[in-house]
């Protein structure tokens, strides 16, 4: 039976027609009018049933009532009728209501659920997650733009899921009913209209562990140009900032704008920027090798605030796997992955499974954990309670899982996302190679699962960009700004700080030269290894509480190595070779980078080796960059000789046109970035909130990405810099801008509560 015939059949049996609510755009009005439509339908049906049963000796068993057109009647007995909603896209809705005669496609297996389109407790992403799990299909957000309200018999085939969380951690039951539009089934269409459930809004949004939008705070402060200020009668503090990375420079700059004139920055190295380090080549000034941070997602909204402030808006996509032509090398065989398409067949199961996980979350028994996409949408739509409760459930259930054990639990269990159970070790190894969007994650498989998941939820794996002018241009421009006649860079002293100690009400800085100086406040951004070993801040509880000391001493810093090669030409364009190569051998990840797209004859840049952890540690045995390059080139040539033959430095100059760096042996870094092991999220909490702890203020404040929830990302460095600045202004009698992080009513998580 066609949809139009079904609609006609319904109209023949009772006078109430399906109600058009397309123009209703307010949730409360939609709720009221849908309820009215159901009430009118129920009254009309009751009159019709009474009429037919009264005319027939068989009563409720009358054949006219048992033909499947009345949801209230089953086997001659009255049954309950439930309200449910079919969610469809605009095209399918139009097909259901006004089909053309030529359309014969069967619309079957549609699922109706008991969640109303006016429900504000459920987001579109959660609806999508629920529909995918109940229907077993892959719905897109556009497939849920409209609804058809139906009355359906309680005898209809159904399945119930428990959505976690709901209202401060409780569960919400969601029941789905399978319906077939073209058959006489026990349901009636009552009304149709637009889905008004919450959907994500544009603009910045808070990170999942903080639920506070630092970008919004910075935007609000833009008009005045400062985070806070000091009244004329309040003395300004004398402040030392340890480290001239992005965090230290933001601290110094914001303090100067707030009116703190006596600011000194101590930097142990010979450059500014810390891990924002762009190496420029003599033979190609417009080409830069990003030795530290190199991928910048728009979701890192604080970073983009400062990029825009200092006129660095030129960005282009980073050539991540699958976004450009990519070769995947597995067990000596090459598999080509065309840009924007599905990966090779060998990788379909892990690729589809991971992307299903992002949309559908994880079904454990009959309890559904919110999908990463649903949590992100809750953040974007301002549904902070939903985001908090959803993330707390993940922390409770997976906080003690490593990335490795969580992948095993999710994809090798009874309800794997995508419907296909992964095999071990085959799919396991494929996933290690392919990764989650930005390359293979095999080397960090033993890090905490929630440490990786938060990056996904925060949007840091999406739409990653590279900075055309080199990211170190940002710290350079911050350092070059002049405040009260003196540039920030003039306040930098390139000398190593050996110790930071309390001396009565002051903080004493002891320098490598033997000189000591006293300050009112000190902000330490120099990294965890220096805080523990050089500054000796964790020897006792004079400066920091014991839990903070423990976090500094025990947080895991990741080793990372990079080797860049400047080539005579952009050979990958000349010879139609892939811009990205992922390998399961020694080389791991190769990226071809074009910093001068306007010049097709310009120099090329290849990141021939970007490795983490054990893969990086092995390279430390080969410190000579020419020897290391030769080993990498030989490894690549075994499976991809056509590509490897072009890996020769421009002008055969290995000294100038090959650069490498090992962050683990960098004496001023002690590792590339903090990456928590399983069960160690509470370390990040201790480090991040240290500066905001007004009850334990000693005058020394931590900042930097390693003291945040997002180690290795510029966002965490800026967030903690804001914390330190606010703490100093507030604790020294200054006045902060409204809605600042110090006065924010933080909704904290329980990182130690494990089920």
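Note: Cβ is positioned from N, Cα and C throughout, glycine not excepted.
In sequence order, 274, 525, 703, 704, 705, 717, 718, 720, 721 constitute the residues six or more apart from residue 247 (FMN binding site) in its chain with CB-CB distances below 8 Å. The FMN binding site annotation in Swiss-Prot covers 247, 267, 275, 295.
The substrate binding site feature in Swiss-Prot is assigned to 295. When secondary structure is read from DSSP and collapsed to three states, residue 295 (FMN binding site) falls in the coil class. Neighbour count (other Cβ atoms within 10 Å of the Cβ, all protein chains): 19 for residue 295 (FMN binding site).
Those residues noted as binding FMN (247, 267, 275, 295) have their most widely separated CA atoms at a distance of 25 Å. Within 10 Å of the C-beta of residue 275 (FMN binding site) we count 27 further C-beta atoms, all protein chains included.
Under a cutoff of 8 A between CB atoms, and with a sequence separation of 6+ in the same chain, the neighbours of residue 267 (FMN binding site) are 243, 244, 248, 492, 493, 494, 495.
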